[in-house]
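Reading through the C-alpha cells given below for one structure.
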Amino acid sequence: MTDDHQLARELADLAGERLLAVRAELHEAGIEGRELKDAGDIASQEVLADALRERVPDDAVLSEEATDDHERLSSQRVWIIDPLDGTREFSEVPRDDWAVHVALWQDGELVAGAVALPARGVTYGTDASGRAGIPARPDGDPPLRLAVSRSRPPAFAEELGRTMGATTVPMGSAGVKAMSVVDGSSDAYVHAGGQYEWDSAAPVAVAAAYGLHTSRVDGSPLVYNKENPWSPDLVVCRPEVAESLLAALATMDLG
Ligand SMILES: Nc1ncnc2c1ncn2[C@@H]1O[C@H](COP(=O)(O)O)[C@@H](OP(=O)(O)O)[C@H]1O
Ligand SMILES: [Mg+2]
C-alpha cells in the first residue's frame, strides 16, 4: 500500500512530467509568456486534482489554482498544493528554477510532502528515500548564503549582508529556494512581505524532514490550513545558523 509520503512524491512527479511535456510542446509552437504560464498552471492543476480525487477521495484540497470552498476547515486531512511554483521561471525556457508542491496537513500539522524540480529531474520528499541528510558546510565559517527571490529581492537581504556578512543567491520559486538549503547550495531562505500557504507548505514539510529549521521570522511556528491562507513570512535554514539569523532578523524592519 502506498503511504502518504510516497503518494506526495508520486503526485508531484506526475504533475512534473505533465509540465515538462506541456512546456516542450508549447515552446516548440512558439507560445510564451502569459499563455505558457496559464497552460502550465491549468495542466498541472488538472493532473493533481484528478489524481487526488481518485487516490484520496475523502481528503480536502487547498490549491493555488482552485476555488477555496472552505470544506478543508472541517476536514482532518487537507492536501495543500501549488501545481506550479515559480510560474514566471517556467515561462522563461530553459530556466529550471520552478517546482511542483504537494503537502499533506493532518490534525494541525504538516505530515508529508514532496517538492519536484522537474527541469532538474529531482524530487525531494518526506519519504525515507528522500532523507539522505544535508551536506556539511564548507570549512572555515564562510559567509551565510541567502537564497532570495530573483524577481523581488527583499530589502532586508542588504542589511543581512552588512550585519552578518551574508551573500545572496537569487533564484525563482519558493520550493527551489527551500530545496537549495536542503542540497547545500544555500544556507537559508528568508521571505517577508507575504506568500500563500501553498507556496511554503510542501517546501517546509520537506525541509523539516531533512532536519532543517523552519519557522516564522520571529521564530514562532508556521501554521497551515488557516481560514485565510495568507502566510506573512518564513525562515528555512540550516539548524546551526538559526539562532544567529533569527537574532539578526529580530533587529530589522522587514517591511
Ligand atoms: N509578496 C508576495 N505576495 C504573494 N505571493 C508572493 C509574494 N512573494 C512571492 N510570492 C509567491 O511565492 C512564489 C515564489 O516567488 P519568488 O520566486 O519571487 O520567490 C511565487 O509563487 P507562484 O510562482 O506559484 O505564483 C510567488 O507568486
Ligand atoms: Mg507558488
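Every residue gets a Cβ built from N, Cα and C, even glycine.
Heads up, TrEMBL stuff is auto-annotated, nobody curated it.
Annotation source TrEMBL lists Mg(2+) binding site at Glu64, Asp82, Leu84, Asp85, Asp199. Neighbour count (other Cβ atoms within 10 Å of the Cβ, all protein chains): 30 for Asp85 (Mg(2+) binding site).
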Which same-chain residues, if any, lie at least 6 apart from Asp82 (Mg(2+) binding site) yet have Cβ under 8 Å of it: Ser63, Glu64, Ala99, Val100, His101, Gly175, Tyr196, Trp198, Asp199, Ala201, Ala202
Close-lying binding-site residues around ligand 2 among Asp82, Leu84, Asp85, where CB distance stays under 6 Å: Asp82, Asp85
